[in-house]
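Here the structure is laid out as structure tokens; the discussion comes afterwards.
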């Protein structure tokens, strides 16, 4: 690929898409860190609060950009919103309240909703990013089961 085609591709992605990728990529190391590294609880709370602020800002900007610009389809908007919500709920139930059964059910519910929306994005819009949502949902369900 030439340098100019990479620049065009980067310009097509846009701010919200880059922010969504950042939120998604930031989630997994925090989840892994809590899972494998024995940490101080205070550090876990700080990590969650930082991620929570970043994720909530993303959700606010996503809704704002969707209502104003409407560049993406409804299914892609719902996919991004459900993934961000799923990540936030998963981290909250994993880090802040790991023994609360109600948050476990909420977490499983948001994972299932995310998988359904990802499936619809894949089938109705033909957008391959739905596979990422399906695989993330399966991985989160497996990790929830083994925790």
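The backbone N, Cα and C atoms fix where each Cβ goes, glycine too.
Taken from TrEMBL, the feature transmembrane segment covers 12-34, 46-67, 74-97, 103-122, 129-146.
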Same-chain residue ranges lying at least 6 outside the transmembrane segment (129-146) that approach it to Cβ under 8 Å: 24, 31, 35, 76, 79, 82-83, 86, 90, 104, 107-108, 111-112, 114-115, 117-123
Chain residues in Cβ proximity to the transmembrane segment (74-97) (below 8 Å; excluding those fewer than six residues from its ends, i.e. six or more beyond): 16, 20, 23-24, 27, 30-31, 34, 44-45, 47-48, 51-52, 55-56, 58-59, 62-63, 66, 103-104, 106-107, 110-111, 113-114, 117-118, 120-121, 124-125, 127, 129-130, 133, 136-137, 140, 144, 147
